[in-house]
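J.: The domain 'Sugar phosphate transporter' annotation in TrEMBL covers 56-342. What TrEMBL records for 51-71, 83-108, 120-138, 144-166, 178-199, 237-256, 268-290, 324-344 is transmembrane segment.
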Amino acid sequence: MDMHFIFSIVASSIVLPCVDQKFLIQANKCDASCFVVFCISRASMLISKQLLLTYLYLLIYICLSSGVILYNKWVLSPKYFKFPFPITLTMIHMGFSGVVAFFLVRVFKVVAPVKMTFQLYATCVIPISAFFASSLWFGNTAYLHISVAFIQMLKALMPVATFIMAVICGTDKLRCDVFLNMVLVSIGVAISSYGEIYFNVVGTAYQVTGIFAEALRLVLTQVLLQKKGLTLNPVTSLYYIAPCSFLFLFVPWYVLEKTGIEISQIQFNFWIFFSNAVCALALNFSIFLVIGRTGAVTIRVAGVLKDWILIALSTIIFPESTITGLNIIGYAIALCGVVLYNYLKVKDVRASNQLPTESTPERMTKDWKLEKQSDLFGDNVNVSGNDAVVTSFMVDEEALLLQPARFSSLKST
């Protein structure tokens, strides 16, 4: 057999993930040395491109997440835009996202709707939508009473809330090492709260309630959707959940804010609310992109970096957001607990996802095929028990909908 032919087959199996088939056909016409040089250069180009895209998506996520939080604070603050109606703002987000999702699904047919029965909608979508609407309502209401910096410090309680809800719902077990980490996080948040100059009980209660509502939504999403075997991508999630969340918010809006809006006679600025809703929708899709392209550790590091950037920016944009030494010390202690908890959970995920040993060419070939198959609106989201760990530390209450799981085809082991 021709040695050039044999060498081409071996080289193809090694560099297949980085080379398109049309390039392989052209390269096989060259000699063996040219083929290797070509494949290595092609692989380097693709790796650099993928790395740049990953960092770009992370940058977009950090900018959008920080921007939406600061934008919401500016809109709701009585000192700036003077629109103290958080339920109304949340309903605008839900209504806008529901309309966009409807056009994408029914008019432009970008994605196909899933087979949704009434029983499935009543047992899965409605409970998830209720807690999702509650978390957004309480989280946005907190902006009326406490600063953005303190809100971000309180959000360090998210893993504590998620762990408690997971233990209650039976999706996680009470472990001594994890419990001690949760105690450390709670102590850090308590110190940070004690050092808050403008501590407000009402605002703190709203924020903590919103955190626990979001934690319960994450756990319920994991339990209910996994049990029913339902797969949703970001568009179909918005298509089903946003309208239902809008309806849930209508009742408290009618009781708490309708009269206030009529009395205050606030002029509705279309472009302010439209741009705010667009930013929130873009944040949702940026989270989708980041979760699909990065690992759990990278996501958590980006989240921590975003929190510190946001705390610093909030003190510049909103001068009333004063940070004390106790705030920083308490938040640093809480982050240490979160980092330790992250380490334990990532270790558990990797241990539970151990696969049979594959040769390098086989693993690279499979990754190449998965990369070719992945698409922004083509991949469905499959819920697994371990995936909820990732999102419990990447929760943005300002986001329209955070996917409860990573891509099954792109899951990091």
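Glycine too: its Cβ is placed from the backbone N, Cα and C atoms.
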J.: Taking the transmembrane segment (268-290) as reference, which of 51-71, 83-108, 178-199, 237-256, 324-344 has the most Cβ pairs under 8 angstroms?
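T.: Highest pair count goes to 51-71.
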J.: Restricting to CB pairs under 8 Å, which listed stretch, 51-71, 237-256, 324-344, is in contact most with the transmembrane segment (144-166)?
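T.: If we count Cβ pairs closer than 8 Å to the transmembrane segment (144-166), 324-344 scores highest.
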J.: Hey, which bits of the same chain come close to the transmembrane segment (237-256), Cβ under 8 Å, at least six residues off its ends?
T.: 87-88, 90-91, 94-95, 97-98, 100-102, 104-105, 113, 116, 121, 125-126, 128-130, 132-134, 136-137, 284, 381, 400-401, 403
J.: State the residues, same chain only, that lie 6 or more residues beyond the ends of the transmembrane segment (178-199) and have a CB under 8 A from a CB inside it; answer 'none' if no residue qualifies.
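T.: Distal contacts: 146-147, 150, 153-154, 156-157, 159-160, 163-164, 320, 322, 324-327, 329-338, 340-341, 344.
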J.: Sequence-remote contacts (6 or more beyond its ends) of the transmembrane segment (83-108), Cβ cut-off under 8 Å?
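T.: Tertiary neighbours of the transmembrane segment (83-108) are 72, 75-77, 133, 136-137, 140-141, 143-144, 235-236, 238-239, 242-243, 245-246, 249-250, 252-253, 256-257, 260-261, 266, 273-274, 276-278, 280-281, 284, 400-401.
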J.: Could you pull out which residues elsewhere in the chain have a CB under 8 Å from any CB of the transmembrane segment (324-344), counting only those six or more residues past its ends?
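T.: Contacts with the transmembrane segment (324-344): 149-150, 153, 156-157, 159, 163, 177-178, 181-197, 296-297, 300, 304, 311, 393.
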J.: Averaging the per-residue pLDDT over the domain 'Sugar phosphate transporter' (56-342), what integer do you get?
T.: 90
